[in-house]
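Visitor: One structure follows; several queries about it will come next.
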Amino acid sequence: MSLQQKSIMINGKNIINERPQIVVPIISSQEEAILKECEQIVSKKPDLIEWRADFFTDLADVEKVKHIIGELKLIAQEIPIIFTIRSVREGGQEISLDEDGVVRLLISVSRDAKVDFVDFELSNKASNLQKLKEVTDQSGTQLIVSYHNFQQTPPKEFITKTFADMQKAGANLAKLAAMPQSFSDVVTLLQCTEEANQQLDVPIISMSMGDIGVVSRVVGWQFGSVFTFAIGSQSSAPGQVPIEDLRQLIAKAKIS
Ligand SMILES: O=C1C[C@@](O)(C(=O)O)C[C@@H](O)[C@@H]1O
């Protein structure tokens with residue numbers, strides 16, 4: 001399916017339009033710093049904000065988490081928010097919740113805090129993915145199903161199957177981040193992105209991490225990756241570049 005035929009509706013607007021959406025992460029660990037980081041980021045006008053809540057020290061306190069989301073929404077105004085708890089096995093921080101606890105929290109922030117997007121890894125239990133999907137469908141939250149590999153770029157067949165499995169699992173968006181060892185790995189990731197974008201109904205998000213992969217954050221859009229992650233205040237993954245630079249590079253790299 002071409003990008004023109006895909007849509008992700010937020011506040012009545014299709015956010016898949018003529019350019020990639022730039023997402024900026026918040027990675028502070030305490031409430032005050034999180035809100036301050038959000039203010040700094042908002043001044044740089046990203047398209048979306050990701051709260052990487054695995055960095056938050058009080059993650060087990062559901063009410064506190066929901067309260068912070070409310071505060072973030074006030075600061076971010078119309079900028080949509082992605083709520084992400086990245087697992088340690090996929091490059092995230094140590095947290096006090098187990099997988100079932102994470103699902104309960106994601107359900108709660110989707111249902112009660114009405115966050116715009118939640119991110120959940122494909123490697124979680126299929127029953128948990130299904131449980132979360134039922135709730136996000138009801139609450140209108142967009143479900144990003146994701147996979148991260150900080151060591152290497154898996155073979156083409158693996159990447160292709162992973163994107164397809166994400167769609168099967170009920171993803172509204174399918175996201176894959178991998179670490180390249182060479183520029184060929186970056187090309188592999190971009191080719192798989194292009195093919196998955198054509199073959200699947202869901203929008204694709206992909207990135208090659210690290211210095212070698214920087215180019216994928218600029219031109220990934222031309223291959224069908226609808227979001228690209230940039231630094232607003234602090235980086236959440238290797239290879240991210242400051243939002244100001246990324247914006248300029250994307251404008252220069254635009255074909256049409
Ligand atoms: O999945 C992703 C992509 C990412 O790992 C990156 O490489 O930009 C950054 C993470 O914060 C986000 O959740």
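Glycine too: its Cβ is placed from the backbone N, Cα and C atoms.
Okay, so TrEMBL annotates it like this:
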type     : residues                             : note
BINDING  : E50, W51, R52, R86, R217, S236, Q240 : 3-dehydroquinate binding site
ACT_SITE : H148                                 : active site, proton donor/acceptor
ACT_SITE : K175                                 : active site, schiff-base intermediate with substrate
Visitor: Just checking: which of the binding-site residues W51, R52, R217 have a C-beta under 6 Å from ligand 1?
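Guide: The binding-site residues passing the 6 Å Cβ test are R52.
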Visitor: Can you tell which of the binding-site residues (R86, R217) has the fewest other C-beta atoms within 10 angstroms of its C-beta?
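Guide: If we count Cβ atoms within 10 Å for the binding-site residues R86, R217, the smallest count is at R86.
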Visitor: What whole-number distance in angstrom separates the two most remote CA atoms of the 3-dehydroquinate-binding residues E50, W51, R52, R86, R217, S236, Q240?
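Guide: Overall maximum Cα spacing for these binding residues reaches 20 Å.
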Visitor: Name the residues of the same chain, 6+ apart in sequence, whose Cβ is under 8 Å from the Cβ of W51 (3-dehydroquinate binding site)?
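Guide: W51 (3-dehydroquinate binding site) has long-range Cβ partners P25, I26, I34, I68, I69, L72, I81, I82, F83, T84.
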Visitor: With the cut-off set at 10 Å between Cβ atoms, which of these recorded positions ends up with the most neighbours? Options: R52, H148, K175.
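Guide: Counting every other Cβ within 10 Å of each candidate, the maximum falls on K175.
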Visitor: Within 10 Å of each Cβ, count the other Cβ atoms and name the one among the binding-site residues S236, Q240 with the highest count.
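Guide: Result of the Cβ crowding comparison: Q240.
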Visitor: Going by DSSP, give the three-state secondary structure for R217 (3-dehydroquinate binding site).
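Guide: Once the DSSP labels are grouped into three classes, R217 (3-dehydroquinate binding site) ends up as helix.
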Visitor: Do me a favour and check the Cα-Cα span between R52 (3-dehydroquinate binding site) and H148 (active site, proton donor/acceptor); whole Å is fine.
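Guide: Here the two Cα atoms lie 14 Å apart.
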